[in-house]
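To start, the structure itself, in structure tokens.
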Amino acid sequence: MKQSVSAEQIELKSSLPGSKKVYVDGPREGMKVPMREIEQSDTNGVPNPPIRVYDTSGPYTDPAYKVELEKGIPTPRHSWILERGDVEAYEGREVKPEDDGVKVASKHTPVFPQMDRKPLRAKQGANVTQMHYARNGIITSEMEYVAIREGVDPEFVRKEIAEGRAILPANINHPEAEPMIIGRNFHVKVNANIGNSAVSSSIAEEVEKMTWATRWGADTIMDLSTGKNIHTTREWIIRNAPVPVGTVPIYQALEKVNGIAEDLTWEVYRDTLIEQAEQGVDYFTIHAGVLLRYIPITAKRTTGIVSRGGSIMAQWCLFHHKENFLYTHFEEICEIMKQYDVSFSLGDGLRPGSIADANDEAQFSELETLGELTKIAWKHDVQVMIEGPGHVPMHLIKENMEKELDICQGAPFYTLGPLTTDIAPGYDHITSAIGAAMIGWFGTAMLCYVTPKEHLGLPNKDDVREGVITYKIAAHAADLAKGHKTAHQRDDALSKARFEFRWRDQFNLSLDPERAMEYHDETLPAEGAKTAHFCSMCGPKFCSMRISHDIREYAKENDLETTEAIEKGMKEKAKEFKETGSHLYQ
């Protein structure tokens with residue numbers, strides 16, 4: 001792992017063009033909630049107000065912050081956690097070479113240079129989940145923070161968490177994370193998957209992907225590493241992550257038994273859960289709904305079982321002809337989760353991997369089991385969200401949302417797309433964003449991004465950016481459709497800037513200012529083009545917005561309403577046409 005950050009990397013972490021990091025003071029001393037403020041230029045001397053938008057970039061876009069990845073980022077939640085008086089520090093488990101998939105610990109890659117902290121856990125008999133606090137009428141500092149980010153009342157946040165309609169993923173060992181909420185009555189969130197594989201990527205690359213993804217708007221990160229250095233990669237990511245981090249613990253557990261699924265045991269898996277909870281993982285994808293009796297149903301599918309976690313557990317169940325140990329030990333898993341406030345992301349191990357398999361018996365059988373497990377988790381006051389498909393044609397998407405809300409008692413839905421067609425490898429960020437926008441509108445709380453590399457390879461930095469931006473579009477479109485009270489403000493500001501030919505404001509208000517300016521400047525690179533009343537699409541003579549301005553100006557000069565001006569202008573042009581001989585071409 002590189003021990004320093006280059007000037008180029010620091011530049012990449014600067015704020016987006018035309019923006020600056022601002023902070024809103026919270027109700028308690030020292031609480032500062034980050035926002036991104038987009039400046040706007042005046043319109044004929046009349047000021048246009050700055051637009052504040054949700055910010056996930058962490059301290060990296062604060063010019064006062066010095067980036068030192070080897071030290072990690074600030075820990076704003078640490079004092080809040082300790083003040084509640086229900087946690088204790090302890091030695092924790094010893095980091096073993098097999099945690100990183102090796103037999104001998106590496107001498108070159110420290111787990112983390114600043115590893116002087118002890119993990120926290122709940123005191124004997126205590127429950128430290130945000131759901132437990134909410135159900136006991138307590139509005140935590142995390143809930144107050146979230147309320148400011150979302151523009152809602154803290155009591156509303158508490159109630160949504162208490163009722164299970166939202167989760168606030170916030171492991172007590174990840175104090176670096178800026179609190180956020182996932183629920184259908186809040187902004188639709190976007191998750192970005194990162195992680196190495198056995199054949200590609202390094203620790204440094206994955207940390208950079210994390211900071212890159214959050215810069216472009218990823219609300220959470222999932223580390224899906226399956227290669228070497230799993231533990232170390234995760235430690236570096238968590239210590240530098242301003243957003244919640246999720247994992248699929250079965251991946252690392254499998255590495256510990258040399259990739260042989262049938263050698264997995266509950267003991268190995270349990271040890272992995274504790275290892276990751278001590279590091280600070282905020283939510284676990286756990287495929288406890290893949291039951292032995294469901295596996296034969298998948299035999300008639302076009303694409304069988306496509307979930308990695310689902311296929312691992314199916315293989316274990318068939319080899320031993322026993323029930324899924326994640327299901328049989330679920331109560332014990334809940335006991336671990338509530339000691340650290342790790343949220344469940346109940347995995348859809350039998351999700352459809354093709355349009356042909358959408359909404360089939362296997363998929364919905366597993367969903368019924370996830371509903372059952374949700375009730376058990378809630379009995380322990382453990383937070384839960386439900387993972388969803390997958391590959392689903394547009395006319396079958398709504399049924400997924402309706403069934404999830406009914407079967408899982410309104411727990412937040414977290415979906416991978418869904419992809420609405422199977423014919424576009426290389427463009428599956430688009431095929432899935434169509435489904436993501438729809439299911440977000442119907443009520444999904446968080447969308448898992450898909451990159452152009454889906455089904456083809458491990459995404460690089462550019463793919464991560466493309467995936468995040470594509471899914472921010474889908475999430476925002478869903479917020480607009482749901483009538484979120486602040487969603488339209490940015491659209492209205494950009495539309496006004498567009499009509500007034502304020503090109504730089506158009507770029508800066510967009511989700512990807514750099515891309516917008518790049519495309520504009522391909523054909524009109526001159527600085528004067530930034531104030532021109534046309535673009536290269538229509539040119540100066542055929543710009544519809546310029547013509548609209550001319551009509552308005554004509555109406556103003558002749559003291560007419562706009563519709564009257566159009567009618568009068570038409571009559572004058574008709575008269576002129578006749579007077580010049582009624583020739584079509586002059």
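Every residue, even glycine, has its Cβ placed from backbone N, Cα and C.
What Swiss-Prot records for 1-59 is region 'Disordered'.
The helix, strand and coil residue counts that DSSP assigns across the compositional bias 'Basic and acidic residues' (22-39) are 0 helix, 11 strand, 7 coil. Sequence annotations record features per position, and here Swiss-Prot assigns compositional bias 'Basic and acidic residues' to 22-39.
Per Swiss-Prot, the feature Zn(2+) binding site maps to His391, His455. A simple way to gauge crowding: the CB of His455 (Zn(2+) binding site) has 13 other CB atoms within 10 angstroms, across all the protein chains here.
Taken from Swiss-Prot, the feature [4Fe-4S] cluster binding site applies to Cys535, Cys538, Cys543.
If you draw a 10 Å sphere around the CB of His391 (Zn(2+) binding site), it holds 26 other CB atoms from the protein chains shown.
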